[in-house]
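Asker: Attaching a single structure in structure tokens format; questions to follow.
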């Protein structure tokens, strides 16, 4: 077991709320994600504005995957001493731009001085019908949005000193909130793809107690690509047409790749965040 | 203006919720504090359990100061790769011990690998009557709980390589929730003392638009001592006896040191977190 899972395991017996993209309490959903320098990004890869934007977007992605609308945010921002006022303004701009775009009010947090730029965001969202990872029924179809694989490719480019397109999903995740809120009533389980499709499927398999029968082989370049922030979800096959129609309407590529069966699924990708 | 304040200033025009120990939304209060290695503590000063405990307590202190009861917590925990499973267990123990003591459910968060141990905690609390920093009326009396100055002294000891008592408030803040919830109905404004009495008084002066007339000179060793996590609050003098009686009952030392007057108060301590 990797250290991340080992640490989280210390807490799961005391609560039923750990194990989804967010914790549901009444109509509120709470999600929290770190975005740390030299862990999730390197300074030379992105502008300060892009960094703040992505820190927000990866958290909003969790809210969307729970069928929740982000309302408020708390920011922990640890900032290097050498940052100028111009730097701080750029950083603030990134947070504010995304907040405005999604109708989020930034209500507080903590700002400290640190050796590197480390951000942690808590998003408070509202939902009428939270969608969990545990809702997959046998025979449900599994699908993901968008195109997988580009984030891995772009990350490799960045690591080897090359540039990537400004439109790269690695720099700016492309969320599909509008589409997903519309289809939410047909969805049995969902989550966002932050650690790679295969990795998330293992999590869903555990939570929903099902295995998967793949319709076609999915390449590791696609299935192990993390930081995609696409949606992974399941639905009863009777809703297939309705969902496909709405995907078309909102211009969201959809790949139906498996159905849920009796069994268990294990991923063979390497966890890039926390190697043993 | 220091960088911390400059950064926060970028956000205050977009919300009315920034500027207190927590943000109030309906009956919920959200507070968030970072607890970072080499910023708030050094590894050699405290055990992992003590570190986790303090990370929780400084956040719970915010909730209490708002007259809110902590209910849920989200933890961002960035952990060095070299930490053993035993280390992780110790760390988890600290979080869980405080959570249990205060009836808090740890509902989620994020765990990542990092070069040092950096913690950020979001506490979700419930209140019927939040107490803000802005409620001081002219002629109100100002007071603080406990003894101030020991945290500064202990911090200096630790910096010079000396040991401090296991009971040091710097290692384990002593909160006065039980007492404060009882007197809350008499309190006009409150906050906790995290950056030092004088520093917090400046914040209260700004929020409440009052100055202070001190009854006696307060030494800098006392007034500039941060990390005290004592309560600073104000009340109408007609409640003085009631409050003093309850302080005695709960064995909480109380120092009434000033009254609110027309004017403005500025602190002359150095902000230790974020020097320009």
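Yeah, the Cβs are placed from backbone N, Cα and C, and that goes for glycine too.
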Asker: Starting from the Mg(2+) 3 binding annotation in TrEMBL that includes A:62, A:192, which of A:20, A:21, A:236 is the extra site residue?
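Answerer: Between A:20, A:21, A:236, TrEMBL records just one in the Mg(2+) 3 site with A:62, A:192, namely A:21.
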Asker: For residue A:110 (Mg(2+) 1 binding site), just count the other CB atoms lying within 10 A of its CB, please.
Answerer: 25
Asker: What subset of the binding-site residues A:31, A:194, A:195 lies within 10 angstroms of residue A:62 (Mg(2+) 3 binding site), using C-alpha positions?
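Answerer: Passing the 10 Å Cα cut: A:31, A:194.
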Asker: Using DSSP with the three-state reduction, classify residue A:62 (Mg(2+) 3 binding site) as helix, strand or coil.
Answerer: helix
Asker: Taking the domain 'PurM-like N-terminal' (A:19-124) alone, what is its mean pLDDT?
Answerer: 96
Asker: Just counting, how many other CB atoms are there within 10 A of the CB of residue A:195 (Mg(2+) 5 binding site)?
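Answerer: Other Cβ atoms found within 10 Å: 21.
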Asker: If I take the Cα of residue A:31 (Mg(2+) 4 binding site) as reference, which of the binding-site residues A:21, A:40, A:192, A:227 has the closest Cα?
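Answerer: Spatially nearest to residue A:31 (Mg(2+) 4 binding site) by Cα position is A:21.
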Asker: Treating G and I as helix alongside H, and B as strand alongside E, what does DSSP give for the domain 'PurM-like N-terminal' (A:19-124) in helix, strand and coil?
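Answerer: Output for the domain 'PurM-like N-terminal' (A:19-124) reads 39 helix, 44 strand, 23 coil.
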Asker: Residues with Cβ closer than 8 Å to the Cβ of residue A:194 (ATP binding site), same chain and 6+ apart in sequence?
Answerer: A:58, A:61, A:200, A:226, A:227, A:228, A:229
